[in-house]
C-alpha cells in the first residue's frame, strides 16, 4: 500500500528552551551561487532551518538568500560554525561570520571540530583554510591549545546576543565527557552535529547526548558516493513497497529516531523531496537498523587530525 507523504513540520527543543526545526538544509560543498539558489528554494518551500559554516565559504550567499526570501529573520533557525584556525578567538570569528551572513545574530554557533589548527601555518592570510606543515600534514596544535579552552570562550557568547546558543560538532563520547567534566565548563552544549546514516547509526553517541540534554544533529544523512545508501537493496525494497523514493525512506528513518536531520542538496527537486517523510513500519525501521550490523559501519567524513584522536 502506498505511503502517505507529508512535509515535516516537527520541532525539537534545545536545552536553552529554543525551538529547532527537525529537518534543515545543509550547505556543505554548496558553492557560491549554488548555495544562494538552494537556500532560496528551501525557504520558499517551507524550510525554516539553514545550516552553514565559515569554512564552507558560502555564508555570504546563504545570508543574501535569507534576505531575498522575504521570510522574517525570526522565523528562520540559522546555524554557523567556528573554524579550527580560530579556536583562540571565537567571538572575532563569530563577528566575521555575522558580517558575511549580513545578520545580527545566529541561532546556534558550533565548534566545527574539536581539534585546533595552528594559525601560525596559515598561508596568504587565509584564515578559512586547512594550514599544513612542510611534510603536508595538517598543522594540528595539541601543544598550546585544546578544545576545553575553546569551549570556555564559546560558552560566554550567548551573553553577547550574537548567538542564542552554542554547541559542538564531530565530538565523540569521550571528548564530550572531557568537556562536561572540565573545571571551566559552565554550559552544556546545546547540540552535537555528527555524521549519521544507516551505515553509521551512532546509537551509543545518540543515547549519551540525549542523557545529557544535548540535541543531536545528523550531517551526511544520505551518505555519499562512498556510502551509496540510496542504492542499498533494503532501502530500495522499502521504497518500492511504499511507492516512495529511496531518499524519503532514509530521511523518514532519521526523523523517527528523534534527532535533527540536515540533508544537503542544490537540486530544487531533491531539496523539496528531502522534507517529505512518512511513518516507517516497525519491520521496515528495524530492517534499516540492521544494515550496518550486516555490512559493517562506514564513515564518509574522516579527515586526518593526527595526532589528535577525533573519533575515539
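Here the Cβ of each residue, glycine as well, is placed from N, Cα and C on the backbone.
On a predicted model such as this, the values are computed, not experimentally measured, just so you know.
According to Swiss-Prot, the features are:
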ACT_SITE  56  active site, proton donor
BINDING   112  substrate binding site
BINDING   220-274  NADP(+) binding site
MOD_RES   306  phosphoserine
SITE      81  site 'Lowers pKa of active site Tyr'
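Cβ neighbour count within 10 Å across all protein chains ranks 81 highest among the recorded positions 56, 81, 241, 255, 306. Its Cβ taken as reference, residue 112 (substrate binding site) is surrounded by 20 other Cβ atoms within 10 Å in the chains shown. All protein chains included, residue 269 (NADP(+) binding site) registers 10 other Cβ atoms within 10 Å of its own Cβ. Sorting the binding-site residues 234, 262 by the number of other Cβ atoms within 10 Å puts 262 first.
For the pair formed by residue 234 (NADP(+) binding site) and residue 112 (substrate binding site), distance between Cα atoms is given as 33 Å, rounded to the nearest Å. In the three-state DSSP scheme, residue 81 (site 'Lowers pKa of active site Tyr') is classed as strand. If you take the Cα of residue 241 (NADP(+) binding site) and the Cα of residue 306 (phosphoserine), they are about 45 angstrom apart, rounded to a whole number. In sequence order, 3, 5, 239, 242, 273, 276, 277, 278 are the residues near residue 248 (NADP(+) binding site), counting only same-chain partners six or more apart with C-beta under 8 A. For the residue listed as 'substrate binding site' paired with residue 81 (site 'Lowers pKa of active site Tyr'), the C-alpha to C-alpha distance reads 5 Å. Taking the C-alpha positions, the distance from residue 81 (site 'Lowers pKa of active site Tyr') to residue 306 (phosphoserine) comes to 21 Å.
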